[in-house]
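**Q** Let me begin by handing over the structure; questions about it come next.
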Amino acid sequence: GIVSLISLAVLSYERYCTMTGTTEADTTNYRKTWTGIVLSWTYSLVWTAPPLFGWSSYGPEGPGATCSVNWHSKDINNASYIICLFIFCLIIPFVIIVYSYGKLLCAIRQVSGINKGMGRTREQRVLIMVVVMVICFLLCWLPYATVALIATFGKPGLITPAATIIPSILAKSSTVYNPIIYIFLNKQVSKTL
């Protein structure tokens, strides 16, 4: 799940850099691609490994079908890890996504001011894709984060195992939605298919 979130942030930043860069994208050089992949996985490993070394712990999630961080433990060791996960693995990636796509939209808006016809339709397509991706990001991850925070800081027993099933499935299935959104809302990709 964290790899998915971080990958979305890296992709949004890379898309912003590619679209606003002054040089043409080099499709034969995969160095930036591999760097993004390695950074995504390394960052995710840094934030998922601590429970293996004693900072919080892993255990069954919901009705016991999946495994996750121990959201129900109320000690400071666990709470501090949950807060760090929330900040570094949800809020920061979301801020990067919003910043990158916001800057990308501003750049497209400037270009469309120069080239009225084609720029306006391109701006609208990108705006729709950005809005859909951000909404899907929030719909997939916000319920899960909310349930986790309530389970960690709320009254014991407030979140039942059954109540965690849908937010968990939404969060873990988020990797499926983004390629679909990109394929259907990106004219270049849909033309090649």
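Each Cβ is built from the backbone N, Cα and C atoms, and glycine gets one as well.
Remember, TrEMBL labels are computer predictions, not curated facts.
Below, the features straight out of TrEMBL:
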| type | residues | note |
| --- | --- | --- |
| DOMAIN | 1-182 | domain 'G-protein coupled receptors family 1 profile' |
| TRANSMEM | 79-101 | transmembrane segment |
| TRANSMEM | 126-153 | transmembrane segment |
| TRANSMEM | 165-185 | transmembrane segment |
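Could you tell me the structural context for the features on the list?
**A** Nonlocal intrachain contacts for the transmembrane segment (79-101), taken as residues 6+ away from its ends with a CB within less than 8 angstroms of a stretch CB, comprise 2, 5-6, 8-9, 12-13, 15-16, 44, 47, 50-51, 55-56, 69, 71, 130, 133-134, 137-138, 141, 145, 148-149, 152-153.
Outside the transmembrane segment (165-185) by six or more residues, the chain places 1, 4-5, 8, 61-63, 66, 68, 125, 128-129, 132-133, 136-137, 139-141, 143-144, 146-147, 193 with a CB less than 8 A from a CB of the stretch.
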**Q** State the mean pLDDT for the domain 'G-protein coupled receptors family 1 profile' (1-182).
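**A** PLDDT averaged over the stretch: 81.
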